[in-house]
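Here it is, the structure in full.
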Amino acid sequence: MYILIINSGSSSIKYQLFPRDSDQPVCSGLVERIGQDNSQVTHEIFRADVAQTLKLDQRVKDHETGMQLLAGLLTRKDIAVIADPAQIGTVGHRVVHGGETLTEPTIITADVKAKIKALYPLAPLHNPGHIKGIEVAEKLFPTATQIAVFDTAFHQTLPEKAFRYAIPDKFYREDGIRVYGFHGISHQYVAGAAMTWLKNPVAKLITIHLGNGCSMAAVSGGRCIDTSMGLTPLDGLVMGTRSGAIDPSVLLYLQQQKGYTAEQLTKLLNKQSGMLALTGHNDMRDISRLYHENDPAAKLAYELYTYRIKKFIGAYTAALNGLDALVFTAGVGENDALARELVCRDMEVFGIHIDIAKNQLREKGLRDLSAGGSSARVLVVPTNEELAIARVCRTLVAEGHPNLESS
Ligand code: ADP
């Protein structure tokens with residue numbers, strides 16, 4: 001039997017298929033730009049006898065079509081990784097927002113779907129795509145158990161002083177306005193790997209997820225005690241196209257003095273800000289190239305990006321009252337030596353010393369970049385949200401939940 005992991009976003013579906021008892025996927029893929037004319041499907045197969053990547057340029061009009069396509073690829077005669085969709089016993093879904101009620105990996109029932117839908121106002125860019133993915137998966141794999149794993153769940157251990165905003169109580173009580181935090185599946189996965197590597201189950205860690213979206217978490221003994229994203233994934237660090245933290249008065253100014261609407265402000269802060277606004281690019285590979293060509297905008301952008309991270313390291317070291325390791329992860333965190341070097345520069349006060357040569361090496365897997373004398377380790381831990389979800393699904397299956405006998 002197999003576990004299919006689905007990460008269904010607003011315009012894309014990422015997927016991986018794992019044998020029930022293995023961490024090695026048999027295939028993975030991405031359906032991108034759903035609903036646009038230039039949609040594309042990339043499907044990779046990792047079987048010993050067939051290792052190949054397939055690219056299909058074809059219009060994928062909606063999530064249903066995208067899911068049908070991927071289900072078809074799994075069983076397509078020449079490249080089949082399974083013979084029958086019924087071999088998929090479990091479908092694990094990444095869901096960005098679980099609010100305060102969905103705090104554990106959960107078997108998806110009508111009630112769970114209703115709760116995910118009730119959170120649409122808090123996650124308008126994400127939860128509707130997840131529901132689409134879930135509903136199509138239910139149709140395509142009717143014998144499978146559907147499980148949801150939430151990106152907010154890991155942050156539900158935040159103490160109230162860290163998750164409340166200093167605004168009238170009723171906004172929390174009536175509207176659920178509070179810090180939720182995101183990228184939790186990734187923070188939890190890399191923190192777990194770092195604790196195992198450190199052989200320290202009570203380690204004080206700062207996990208730094210730098211992808212298109214960027215966030216940090218302060219983790220003590222495996223429990224998250226603070227995180228940089230807030231009510232939505234807009235707060236905190238400077239990101240590819242998102243501003244991160246900004247004085248709320250900037251929005252009031254733009255609204256009152258420049259006539260911006262709520263919709264325009266949402267677009268401005270989510271899609272037109274961050275590194276894109278500072279440099280004209282949102283891919284760090286382009287910005288890093290410009291930095292090395294002494295482009296002044298790229299220099300400033302890297303400084304701003306990494307200075308914000310440094311300040312969070314200071315804040316979280318205080319919150320943790322110590323620091324055993326910094327953990328870099330995701331596209332930028334795992335690959336961008338320049339960003340890591342600038343973050344770790346002049347941080348001796350926190351016991352952070354990075355080895356510049358080790359930082360430049362392009363190696364796979366968990367890496368220790370600390371220089372001798374560094375009291376805090378500087379680690380790179382590749383994240384793998386799909387594997388983390390698959391493991392969670394496997395644990396639920398192993399625990400013998402009554403609904404999971406067929407898995
Ligand atoms: P997400 O999952 O949030 O979409 P990723 O974790 O895949 O994002 O990270 C995407 C980011 O990683 C992009 O900004 C990309 O430029 C950056 N990235 C990927 N590879 C490299 C690299 N070799 N050097 C620098 N940045 C990289």
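In case you wondered, yes, glycine gets a Cβ from its N, Cα and C as well.
TrEMBL lists these features:
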type	residues	note
BINDING	Asn7, Glu385	Mg(2+) binding site
BINDING	Lys14, His209, Leu210, Gly211, Asn212, Gly213, Asp283, Met284, Arg285, Gly331, Val332, Gly333, Glu334, Asn335	ATP binding site
BINDING	Arg94	substrate binding site
ACT_SITE	Asp151	active site, proton donor/acceptor
SITE	His183	site 'Transition state stabilizer'
SITE	Arg242	site 'Transition state stabilizer'
Given the recorded positions Lys14, Arg94, His183, Leu210, Asp283, Glu334, which lie close to the residue listed as 'active site, proton donor/acceptor', meaning Cα to Cα within 10 A?
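Hits: Arg94, His183.
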Which whole-number value in Å describes the distance between the Cα atoms of Asp283 (ATP binding site) and Arg94 (substrate binding site)?
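Arg94 (substrate binding site) has its Cα 24 Å from the Cα of Asp283 (ATP binding site).
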Work through the recorded positions one by one (Asn7, Lys14, Arg242, Arg285) and name whichever has its CA nearest to the CA of Arg94 (substrate binding site).
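Ranked by Cα distance from Arg94 (substrate binding site), first place goes to Asn7.
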Which recorded positions, if any, among His183, Leu210, Asn212, Asp283, Val332 have a Cβ under 6 Å from ligand 1, given in order along the chain?
Asn212, Asp283, Val332
Among the binding-site residues listed here, Asn7, Asn212, which has the most company in the form of other Cβ atoms within 10 Å of its Cβ?
Asn7
What are the sequence-distant neighbours of Arg242 (site 'Transition state stabilizer'), meaning same chain, six or more residues apart, C-beta distance under 8 angstroms?
Gly213, Pro233, Leu234, Leu269, Asn270, Ser273, Gly274
Which recorded positions from the set Asn7, His183, Glu385 come within 10 angstroms of Lys14 (ATP binding site), judged by C-alpha positions?
Asn7
Among the recorded positions Lys14, Arg94, His183, Arg285, whose Cβ has the fewest other Cβ atoms within 10 Å?
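With the recorded positions Lys14, Arg94, His183, Arg285, fewest surrounding Cβ atoms within 10 Å: Arg285.
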Please list, in sequence order, the residues in the chain of Leu210 (ATP binding site) that are at least six apart in sequence and whose C-beta is under 8 Å away from its C-beta.
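In sequence order, Leu237, Ile309, Phe328, Thr329, Ala330, Gly331, Val332, Gly333, Asp336, Ala339 meet the Cβ cut-off.
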To the nearest whole angstrom, what is the C-alpha distance linking Asn212 (ATP binding site) and Asn7 (Mg(2+) binding site)?
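Asn7 (Mg(2+) binding site) has its Cα 16 Å from the Cα of Asn212 (ATP binding site).
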Kindly assign Asn7 (Mg(2+) binding site) to one of the three DSSP-derived states: helix, strand or coil.
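For Asn7 (Mg(2+) binding site) - judged by DSSP and reduced to three states - the answer is strand.
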Looking only at C-alpha atoms, tell me how far Asn7 (Mg(2+) binding site) is from His183 (site 'Transition state stabilizer'), rounded to the nearest Å.
13
From the Cα of Glu334 (ATP binding site) across to the Cα of Glu385 (Mg(2+) binding site), what is the distance in angstrom?
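With the alpha carbons as reference points, the distance is 14 Å.
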